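A.B. asks: My questions all concern the structure below.
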Amino acid sequence: MSQAKKALTFTTRPGHSVSGDIIVPGDKSVSHRSIMFGSLANGTTHIKGFLPGQDCLATMNCFKAMGIEIEGPDSDHNVTVHGKGLHGLSQPKEQLDIGNSGTSIRLLSGILAGQQFSSSMAGDVSLNKRPMARVVEPLQLMAANISAREDGTPPVVCQGLAENQKLKAIDYILPMASAQVKSCVILAGMYAEGVTSVIEPGITRDHTERMLTAFGYPVTVEKNIDGDEQKTRISIEGGHELTACDIQIPGDISSATFFMVAGLIAKSGQLTIRNVGMNPTRIGAINILKAMQGDLTIINERMAGGEPVADIVVKASQLQGIDISERDVPLAIDEFPAIFIAAACANGTTRLRGAEELRVKESDRIQAMADGLVELGIECTVFDDGIDITGGEIGSGTIHSHDDHRIAMSFAISSLRATGSITILDCDNVATSFPNFVSLANEVGLSITQA
Ligand SMILES: O=C(O)C1=C[C@@H](OP(=O)(O)O)[C@@H](O)[C@H](O)C1
Ligand SMILES: C=C(OP(=O)(O)O)C(=O)O
């Protein structure tokens, strides 16, 4: 499935100034959940600001394949989902094609575990190498008949529950700070008898909890478990219902980070990024870039659709290397490739630890970034759970993105400080999260050609 040969190459020329006033596309995590919860709700959900990236379209196609009528996205990024309730999905005729999206396969595992029909999910080469035992194990504890391959990779295959059979509620301590695993167990909890609770060891994005609440499904969140402010317990009782609602999706802070870093490392200029989601569980990149003495100003803070949003003004800055706080790791988990480029342009050394999760994303993001940085002449030392990067002059060279959208976009941004051209291979997957990245980047002053 999804195995077509990919060959889009970016070629960059050095840039200088970055300036403009831009809007980044809708948040990927929130877009996925809007389709999932809209499908499981009673009634019609209207979504504004949906991300038309391939990952979210994969989620949408899965629900269409399970009998949900979904209209859009139209050219204004509106989507309408005609939900059929928690028990309204029907058996897909074929294996569900999840493409490149870890969020889709892991959250869907929790939903499919509670259905009375059998199903199977797999994706592209990258997804089919990613660990699924982290969702299969808790779901098996809930008495779901679900499995992955022996090495824990997809396909994820789920046998339906018997008529009148419910999942078993569990208390589960997450082995890693993962919003995908947390969300999977919570979603399965809607199909369980009793109260399921999950304790997360570090604060992770809470879009599932917020959006379930918006759809009228009760969720209890207790912070500061065992006196540890990093530990949160999330509990959900089976048997309630979701009621359709209107969803306004904020701009994706993960996409905005490429432009924050671009604006900071540029030799001059000022950039405003509008309507960026500022959920406190997502702002690690802002914390880190500010700690590096990046000139970021947050203005027009407001609430939109149950999520805080703001505009960010970015000015070219001389960044300083720092030791990144481990608390910011889950809050910035997808932003590290871009942050590594900021580190390569900073004075001194930036050190990251406690980030072993980066090794199991669309690529091994520690190694893929280190290889690319070394190719461009930047000194780095790799550790199992992190990296040290010493700022220096960025040269020219050829980078392998490993089919990872965030690696491709990060090195495209590094061109602003490069002494020569950078060629970035296998960039098709930029369309999974940020379909208009190249046009927006060129609009603010970068020079990227794609062929
Ligand atoms: O729940 C989500 O929407 C996501 C959670 C994170 O993954 P993990 O939960 O595996 O850290 C993140 O990397 C991913 O891009 C989106
Ligand atoms: C890790 C990511 O996504 P996913 O896990 O959904 O593939 C990402 O977008 O950086």
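Cβ coordinates are placed from backbone N, Cα and C, and glycine is handled just like the others.
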A.B. asks: Given that TrEMBL annotates Lys28, Ser29, Arg33, Ser178, Gln180, Lys361 as binding 3-phosphoshikimate, state which candidate in Asp151, Asp334, Asp388 belongs to that site as well.
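C.D. replies: For 3-phosphoshikimate, TrEMBL names Lys28, Ser29, Arg33, Ser178, Gln180, Lys361; of Asp151, Asp334, Asp388, the listed one is Asp334.
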A.B. asks: Arg130 (phosphoenolpyruvate binding site) to Ser29 (3-phosphoshikimate binding site): how many Å between their Cα atoms?
C.D. replies: 18
A.B. asks: Tell me the Cβ neighbour count for Arg33 (3-phosphoshikimate binding site), meaning other Cβ atoms within 10 Å of its Cβ, over all protein chains shown.
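C.D. replies: Taking every protein chain into account, the count is 26.
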A.B. asks: How many whole Å apart are the CA atoms of Ser178 (3-phosphoshikimate binding site) and Gly102 (phosphoenolpyruvate binding site)?
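C.D. replies: On Cα coordinates alone, these residues lie 11 Å apart.
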A.B. asks: Using a 10 Å radius around its CB, how many other CB atoms surround Gln180 (phosphoenolpyruvate binding site)?
C.D. replies: 22
A.B. asks: Rank the binding-site residues Arg130, Lys361, Arg365, Arg406 by the number of other Cβ atoms within 10 Å of each Cβ and report the first-ranked residue.
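C.D. replies: Within the set of binding-site residues, the most crowded position is Arg406.
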